[in-house]
Every structure is written in C-alpha cells, then in structure tokens.
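Asker: Here it is, the structure in full.
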Amino acid sequence: MGGVGDDEPASKRMKLSSEELRRLSNGSPLKEPIVESSRDLMARPLQSEGGEEVVGTKGVIKKVEFVRIIEKALYSLGYIKSGAHLEEESGIGLHSSIVNVFMRQILEGDWDKSVVTLHNIGLTDEMIIKSACFLILEQKFFEFLDEGKVMDALKTLRIEISPLCINHSRVRELSLFIVSPFRSFSVQSPKQDTLRARSRTKLLEELQKLLPPTVMIPERRLEHLVEQALVLQRDACMFHNSLDKEMSLYADHQCARDQIPSSALQILQAHTDEIWSLQFSHNGKFLASSSNDCSAIIWEVDANGVLLKHKLPGHQKPISSVSWSPDDLQLLTCGVEEVVRRWDVSSGECLHVYEKAGLGMVSCGWSPDGRWIFSGVNDKSISMWELDGKELECWKGQRTLKISDLEITSDGKQIISICRETTILLLDREAKVERFIEEDQTITSFSLSRDNRFLLVNLLNQEIHLWNIEGDPKLVSEYRGHKRTRFIIRSCFGGLEQAFIASGSEDSLVYIWHRDTGELIESLPGHSGAVNCVSWNPANPHMLASASDDRTIRIWGLNNLSAKRKDTHSNGIHHCNGST
C-alpha cells in the first residue's frame, strides 16, 4: 500500500468519523459501506463463533491480528505513511494507547514513569513484569554511569534493581561497574546522546522479545509467517530440487518430476573394464572414476558436458576407491590390497605412493585440512600419513576389513570404517572413544552426508539404511527396491540439500528415493550391466552420474536439457538425447 498525499482525489480516500473508528477498533463492522469500490467485490470478513471477525476461507485468521501484523510489516519496510493510513482506515491500531505511551517513555528515557506504565499494561505474568523492569532499570543504571552520576547509579542498583530478586549474577556484574577503576566519566556530548538514544532503541527491541505478542508484535512477524509457509510447501514437495529463490508467493509451490535428473545426457566410454568407483569433486567441476582395468580417470565438468581430462596409469591391481582432497587439487586412488597413489589434478602427475611392506591398502581418505591422508590396511588397521609418506599414527586391531569404505568427518575428529561384517566403527581419534553401528546383515558399503550427521549403509539383504550418528546412532529410515545379490553396490546422498538418495543396482537400473519419506520416485534404465556406483554433483542438483559393469558412465540431467544435445562421439564420450 503506497502513501496517500493531501492532494489526492477525494474519491480515492476514505475518512471515518471518530464513532466509526471506535466501532471498528472494537471489532464491530460498519452497517453501511462508506464507498462503493472494488473492495466490495472481495470476500467479506466472517464472524467467528467467539465473536471476533475472521478472514480467509478456513475462518482461522483473526482480522484484528491480521491487520496489525500488516501494519507492523509496513512500518518495518519503511512505509510509514502507508502504515499510519492503514491504522486510520481500519480503526485497528498497531499498539494500544498505553503501549504507545510506554514506548515513548522508553525512547525519551523517562524510566520511573515507564515502570509505572508497564505495571498498568495488563500483564499477568509477574516474572515477565520483573524481567522487563530489570531491563529498564539496568538501562537507567548505565545512563547514570555514563553521565558520571555514580551515587544515583548505586541508588538505582540498591533500591530498585536488587529488590526485584532476579538475575543475581547480573546484579553482581553491575556492582563491578561501579567499583571498576578503569571506567572514566566525561561530560555528555551530542554524540553521547546519539549513542544513548540508539541503546534505548535496542532496549525497546529487547522488551519486545520479552513482552507477549498481543502487547507488542514481534519484529518481522509477517515475513516469518510467509517464510514458514514456503518452507512447509517446499518440504512437502516430493520432487523439490530447485533453488529456493525460484519459489514464488503468487502460487502454491509444487515441483514437477522433471526436477529430478532422469535423462541420460552423456555416455562416457573410456574405461575398458567394469567401473567400481565414482565421485564428483567437492566443487562439482571434476569427476573421478576407477575401474577393474587398473586405471582411474579424471573427467572435467564444464558447460559443454563432461570431458576426459587425465587417464591415470600406474596401479598394478584394480582400483577400488577414489578420494578428492578438500581443495579438489589432488586425488587419491587405492588399488585392491595394493597401494594408495596421490595425483595432481591439473597435470595428472603422480605425486606420491603410500605403501607398507608386505601389506596392502584397502581404502583411503583425507583430513579436512588436506595435510594428512588416512588409509585402511589389510591387516585390519588404519594408518595416518603425512603427504610426504611419513606414517604418523596407526590404529591397530579390528579397525577395518579387506573390503571397506573409509570416511573422515569434516572436523577431522572421527574416522568411520567397517570393522566387522555387521558393524561400523565411529572412532574419535582425539578422545579415543569408539562408537558402533550394529546391523543384523552384512554391510557392503556406506556413505557420509555432507553435514556429517547421517550415514547411508548398504546391506547384503538389498536394503539401504539411514543412520543418524549424532550422539548414540539411531536408525531413521530404510530404502528398498534395488537389487543386490553378488556385488558391492554403492549409494549416495544428493540433490538440493541432499534431499534424495540414489543407488546403483544389479538389475542395470539407477534408483532414486526421497530421503525423508523413503518413497521410490525414479528407476532409470539405460545401462546394460550392473550399476556399481553413483555420485550426485554437489554443486549441481540436476547432475547425477552412474557407473556400470557395462564399462560406461552415464551422466543424467533434466529432461528439458536433453533436447539441446546433439549426437556426437569424441574423446571416449557419447552425447545422447536420452534414449537408450
């Protein structure tokens, strides 16, 4: 609502008599419309059973509250004239007259009168009254100190604040301000007045949080209600996978299925054997894959798609896992019970080989600062290395298995590994505390969520379990539908705010579930062999990759993008239009 000037045509303005304003403020509607306008075409307020007028089709919004919240929003947005005009036109004041007096007294520093007014507002909770008085008198105390009136401040503390008998620790703190030898007092200046006025505004904000909303409406209440409605709509949307800024107030939010990457935009064909591991870099600009052909490949993601950047030779055995450094400038690859190699992403050069005489590595991972690497060893231990290959620490015992994933939380404190067939170890390496996730079935793989709160666990019995690992681990969800009988199948979190779960499957399909509901929302055909692993681009919720025994990697995107691709073959890459 815009401001209204005095020179505006009379037909656009509406003046109410004092009696009409009084009747409106009491909630009684006018018997006759004052001006015939488009307002009369709108739904009229309903009368609730309790006697208060309500608006909206459900009859749950009280008109007086609704109007007051709009007024508050207008003032908060800086539309002062519009807020005042709405108060005048509706006859519904933002605050009662006594609250307006109270607010003015606070801003003017009339502390004694404001305390009296506070007791007359009609509050029934004695603790709220005492707490509000405490804030007001504390402000009075500090302003006396600022003015050099130490005895007046001391009198306020002893006679007014202490008898409230609340917040005793704060009272002791206030007494220290009086005896502090470091406080200096100076003659007040216009600048001090400005600072003091600003602190009074802050006091008013604190009082607003303390007093009931019926007395003083909280700041930004309308914005909070609207945001809450949008978030509820978003969370209820099964396919929500677009940026929140795309949500609109003009219509209820509902994403279509086309927000889920389900069209094969590219087929990458550079490996010569089964592909066992797949992982996007943290920034989403690269993709790493590893294979039974003893090679790993770094792929680059750009506006033209996914292109081969480096093929990494050197391993003598199949490569079971890959791991990106925190800055995405380096990559680890782990051969099956062989060695861990560290690579420079830019050049494709092998920077170091980590090995133990007579032993083989089974997994690898990075410390969050990129200064150390971790590796699982086939003697069931976990080692920590400096980048130059010096072993810093080794956790011996039943810490890992020959086939195991390895994750390190982003704070670097916890190492996560499969320590027995049905058990996952959560090792706090600093506190030296061990926690465990116990399953009834053999665990084949797991994946850690980006926020370190959840672990996705794949089981031998064709189930995927979601565990909350904050505190004592708790099973929170289960996902079913994919097939797993012989091979290790890996799953991942993905989509906007990791709202989805994706998994490979031995039936050549890629499965996608809604994370919270557990509902299966997509099963994507296209591969001709078992899909061993999947990875969702963390920087692009519309890009998913899957790798298969058919020696290919498929890049999945949105259906509306597939038509823009042309069929081409280059550099081991096949662009397709989504058909299989």
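Quick reminder: no glycine exception, Cβ is built from N, Cα and C everywhere.
Bear in mind that TrEMBL entries carry predicted annotations, made automatically and left uncurated.
Heads up, here are the entries from TrEMBL:
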- 1-32: region 'Disordered' (REGION)
- 95-152: domain 'CTLH' (DOMAIN)
- 268-309: repeat 'WD' (REPEAT)
- 312-353: repeat 'WD' (REPEAT)
- 366-388: repeat 'WD' (REPEAT)
- 524-566: repeat 'WD' (REPEAT)
Asker: Do any residues, 6 or more residues outside the repeat 'WD' (268-309), come within under 8 Å Cβ-to-Cβ of it, and if so which ones?
Answerer: 315-324, 326, 328, 331, 333, 335, 343, 345, 348, 488, 490, 529, 532-540, 543, 545-549, 551-555, 565, 571-575
Asker: In the same chain, which residue numbers or ranges, 6 or more beyond the ends of the repeat 'WD' (524-566), come under 8 angstroms Cβ to Cβ?
Answerer: 241-242, 258-269, 271-280, 282-285, 287, 289, 291, 299, 301, 305-306, 450, 487-496, 500, 502-512, 575-578, 580
Asker: Based on DSSP, tally up the residues of the repeat 'WD' (312-353) by helix, strand and coil.
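Answerer: Taking the repeat 'WD' (312-353) as a whole: 0 helix, 23 strand, 19 coil.
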Asker: I'd like to know the mean pLDDT over the domain 'CTLH' (95-152).
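Answerer: Mean per-residue confidence for the domain 'CTLH' (95-152): 94 out of 100.
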Asker: For the repeat 'WD' (524-566), DSSP counts of helix, strand and coil?
Answerer: 4 helix, 17 strand, 22 coil
